[in-house]
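Below you will find the structure I want to go over with you.
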């Protein structure tokens, strides 16, 4: 049986993994995808019966941060995803082959799995001067991308570079760096933005496709809803401070040490859709806001050209912002003071009434 036609289960059994451990893996995977424990049996059945999905991973203009993130996935571990769940037949960054040998593997994979492989793209193609600003295997990357996209089942655009253009496309964009969906228009494309995306988001998308044999539900921008349906602000652990009007005014002030909201320091959490505040990074250990720095909005289109990362958002309409953040703390303090005064007044009235009742009773 060929490497790509083996199932995930047959591979892990050959590696000495017990069935109990396999079902534990399926349960953890279902939970990490937000599907609940009932989906574990479906995942187990799929991984037992479906052949591993062949994947071709290509690199355009990028810094490889998406690959760096991917290899740090904890749920599932990247070794399980790469060595067992999928058949990663080509990735010129981590594969042993190089040069003509690597190109031969690419052509062989394309011919052998025509219409069945997933094309994962990290980075983007520059279109200016015939694509000569990015050469891969002696050809402009854009030509290679179009050729491999023709026979792909689906395309995954990893990171902000492939999804939106990112810093390579920053104005005036001399190389004409272009997002994947602007070049390939006849194939389904899953955008997984971020600079880089969260590791578990990347492996989660791969796991979903492998398990259910279809693409995850996408939003209107082409992002998987399971990871990009909520703003970071919605689940941020500092949200109560935002609602209470408690903001960091400058780095290392008392409010910063107390963990108050970073909105005034330029945090883009209120306008950024991602899973950072729920999935978090490094196996769920932390995320930028938790480490004391505001969100820079790296999963949103055009974040690199929207001014300083430390400029406060001014066009947000929601509780806590539309009233002017400078006044919220004063208003909140006033409200608390009024509540305390009202409570004291009510208590005094009750005590006075009690004394009168006692006096009437004694007389």
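For all residues, glycine too, the Cβ spot is worked out from N, Cα and C.
Note that the structure is predicted; figures quoted are calculated from it, not measured.
Okay, these came from Swiss-Prot:
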- 1-46: signal peptide (SIGNAL)
- 63, 66, 161, 195: [4Fe-4S] cluster 1 binding site (BINDING)
- 233, 236, 261, 267: [4Fe-4S] cluster 2 binding site (BINDING)
- 276, 295, 298: [3Fe-4S] cluster binding site (BINDING)
What are the other residues, in sequence order, whose C-beta lies within 8 angstroms of the center of the C-beta atoms of 233, 236, 261, 267 at the [4Fe-4S] cluster 2 site?
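After dropping the recorded site residues, what remains is 232, 238, 239, 242, 262, 263, 269, 270, 289, 294, 295.
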According to DSSP, does residue 261 ([4Fe-4S] cluster 2 binding site) fall in a helix, a strand, or coil?
strand
So for residue 261 ([4Fe-4S] cluster 2 binding site), how many other CB atoms are inside 10 Å of its CB?
27
Do any of 233, 236, 276 (binding-site residues) have a CA within 10 A of residue 195 ([4Fe-4S] cluster 1 binding site), and if so which?
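Within 10 Å of residue 195 ([4Fe-4S] cluster 1 binding site): none of them.
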How long is the line from the C-alpha of residue 63 ([4Fe-4S] cluster 1 binding site) to the C-alpha of residue 236 ([4Fe-4S] cluster 2 binding site), rounded to the nearest angstrom?
28
Which secondary structure state does DSSP assign to residue 66 ([4Fe-4S] cluster 1 binding site), in the simple three-class scheme?
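For residue 66 ([4Fe-4S] cluster 1 binding site) - judged by DSSP and reduced to three states - the answer is helix.
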In the structure shown, which of the binding-site residues 161, 267, 295, 298 has the fewest other Cβ atoms within 10 Å?
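Counting other Cβ atoms within 10 Å of each of the binding-site residues 161, 267, 295, 298, the minimum falls on 298.
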Roughly how many angstrom lie between the C-alpha atoms of residue 66 ([4Fe-4S] cluster 1 binding site) and residue 298 ([3Fe-4S] cluster binding site)?
13
Within 8 Å of the centroid of the Cβ atoms of 63, 66, 161, 195, which other residues of that chain place their own Cβ, given that this set defines the recorded [4Fe-4S] cluster 1 site?
62, 64, 65, 122, 123, 158, 159, 160, 166, 196
If you draw a 10 Å sphere around the Cβ of residue 195 ([4Fe-4S] cluster 1 binding site), how many other Cβ atoms fall inside it, taking every protein chain shown into account?
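Step by step: centre on the Cβ of residue 195 ([4Fe-4S] cluster 1 binding site), count other Cβ atoms within 10 Å, giving 22.
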Using Cβ-Cβ distances, find the residues under 8 Å from residue 233 ([4Fe-4S] cluster 2 binding site) that belong to the same chain and are at least 6 apart in sequence, listing them in sequence order.
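Counting only residues 6 or more apart in sequence, the Cβ neighbours of residue 233 ([4Fe-4S] cluster 2 binding site) under 8 Å are 239, 242, 269, 270, 271, 272, 277.
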Sort residue 236 ([4Fe-4S] cluster 2 binding site) into helix, strand or coil using the DSSP assignment.
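In three-state terms, residue 236 ([4Fe-4S] cluster 2 binding site) counts as coil.
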Mind telling me which of the binding-site residues 66, 236, 276 has the densest Cβ neighbourhood, counting other Cβ atoms within 10 Å?
66
Same chain, not part of 276, 295, 298: whose C-beta falls within 8 angstroms of the C-beta centre of the [3Fe-4S] cluster site? Give them in sequence order.
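Near the [3Fe-4S] cluster site, beyond 276, 295, 298, sit 194, 232, 268, 269, 272, 274, 287, 288, 289, 296, 297, 299.
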